[in-house]
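What TrEMBL lists as domain 'Major facilitator superfamily (MFS) profile' is 86-513. The feature region 'Disordered' is assigned by TrEMBL to 529-548. Taken from TrEMBL, the feature transmembrane segment covers 86-108, 120-143, 155-176, 182-198, 210-231, 237-258, 312-332, 376-395, 425-447, 491-510.
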């Protein structure tokens with residue numbers, strides 16, 4: 001016994017700067033430190049300082065606090081087997097979304113010729129998908145905030161799967177128009193997979209993981225083009241629609257493994273379910289759970305639109321809406337322009353061809369050739385380097401500068417298309433433009449869940465996604481209808497829109513690089529799980545988590 005007590009006296013007592021919420025004296029709170037004293041053991045303390053933005057080491061996960069928040073637990077458990085499984089499952093949803101989007105650029109010229117559709121009906125076939133997405137994005141965000149991330153995601157995926165397969169059996173144009181609109185209504189909920197995914201990721205891994213999920217989007221677009229190369233000549237567009245729904249089917253089967261977001265459960269007062277989810281993640285990752293009682297920083301209403309327009313978030317919301325609008329407007333515009341430009345050979349050939357067939361251009365059609373499919377595949381492959389470039393710069397430049405850089409590069413490539421370049425240079429410029437505009441989209445998907453608190457995160461992402469669909473809704477009439485009047489005006493519209501989006505990115509008031517996810521809108525932004533140095537020692541917190 002004496003020997004054990006002697007060894008115990010030799011152990012250092014560790015002093016922590018805390019990460020969660022704890023009931024303590026005012027003196028302790030004011031200093032931001034808390035001590036563990038053992039009777040008979042020396043009182044000398046060894047301080048453990050955390051750098052700004054540093055995560056708490058696993059071995060020091062809340063040993064002295066009697067309370068902790070979900071963010072503390074997620075940081076302490078870290079990234080492991082559970083997150084890898086979740087990455088694949090979220091990636092399947094993302095891959096399915098990409099395939100449903102990419103099919104529009106393949107389906108449009110096919111039906112244009114097969115059903116002898118005028119150009120405005122071809123554009124409407126594309127737009128109706130985005131009408132559905134736009135009208136449902138906020139609804140899915142509300143469902144996810146009110147009834148859970150998992151619930152909203154499951155319903156949207158099953159809806160999209162059902163109407164996606166059903167649209168393959170459409171007998172006439174009006175039927176496929178309605179059914180593809182219903183498909184778009186379901187796709188509007190797929191971005192909620194990012195909300196669920198982000199809420200299970202530790203701070204250091206969040207940006208990289210969300211960007212790596214975008215690899216599945218790239219895989220989906222490439223897979224759709226490859227599928228079209230083999231299916232379209234022999235089986236036709238109906239089989240292409242059916243086979244494109246396979247990733248949705250896989251996700252629908254596997255999504256029952258998904259847990260509900262622990263952040264959502266805590267916010268809705270279901271602490272026991274949140275604890276069970278966190279214990280499950282800790283078990284799968286082989287990591288310890290934090291000690292103490294799980295708390296929420298403050299109970300508040302969820303999913304209220306007015307919360308997006310509080311003085312703190314008003315400018316962020318408005319600027320993000322324009323950024324998302326510009327992203328989708330330019331990205332899908334480029335996808336639709338690519339097939340038009342490849343069929344013509346270059347911008348100058350397209351312009352002269354439009355003049356030559358001006359009298360009958362609304363019914364003139366050309367099927368996509370094998371060369372068109374291959375060039376489409378090359379430009380689609382650009383999304384992979386787009387992910388890598390964004391992955392490399394987003395934690396170096398920050399989220400805002402990354403988005404601005406992507407928009408400026410896209411705008412420059414659009415202006416260079418004014419020159420009468422050959423097919424090889426055309427392919428290269430389209431490759432670079434698509435790489436960077438997809439990179440801008442990826443950066444927006446990282447930034448948006450980080451900037452909003454848990455109570456409005458799904459709604460914030462949903463409304464941004466809805467604004468993106470507005471841009472995607474308009475873009476077919478620019479890329480397919482305006483293109484017939486003026487190629488150069490069309491390119492100028494896309495270039496100008498992205499320059500304005502670059503400015504909007506720079507004016508965003510909050511940079512989320514190195515910040516934890518915000519639990520409550522009533523707490524000073526970015527306090528959660530940011531390692532504090534000596535400059536933070538004087539900040540006083542109440543037990544509710546709001547700053548005094």
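Quick reminder: no glycine exception, Cβ is built from N, Cα and C everywhere.
Keep in mind that this is a model prediction, so the values were computed, not measured.
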When counting C-beta pairs under 8 angstroms to the transmembrane segment (210-231), the leading stretch of 86-108, 155-176, 182-198, 312-332 is 86-108
Counting only residues 6+ away from its ends, which parts of the chain sit with a Cβ under 8 Å from the transmembrane segment (120-143)? 100, 104, 107-109, 111-112, 151-152, 155-156, 173, 176-177, 180-189, 191-192, 303, 305, 328, 332, 336, 362, 458-463, 465-466, 468-470, 472-474, 476-477, 480-481
Sequence gap of 6 or more, Cβ distance under 8 Å, 3 or more pairs: do the transmembrane segment (182-198) and the transmembrane segment (86-108) meet that? yes
Find the member of 86-108, 155-176, 237-258, 425-447 that has more C-beta pairs under 8 Å to the transmembrane segment (312-332) than any other listed stretch. 425-447
Across the domain 'Major facilitator superfamily (MFS) profile' (86-513), what is the average pLDDT of the model, as a whole number? 81
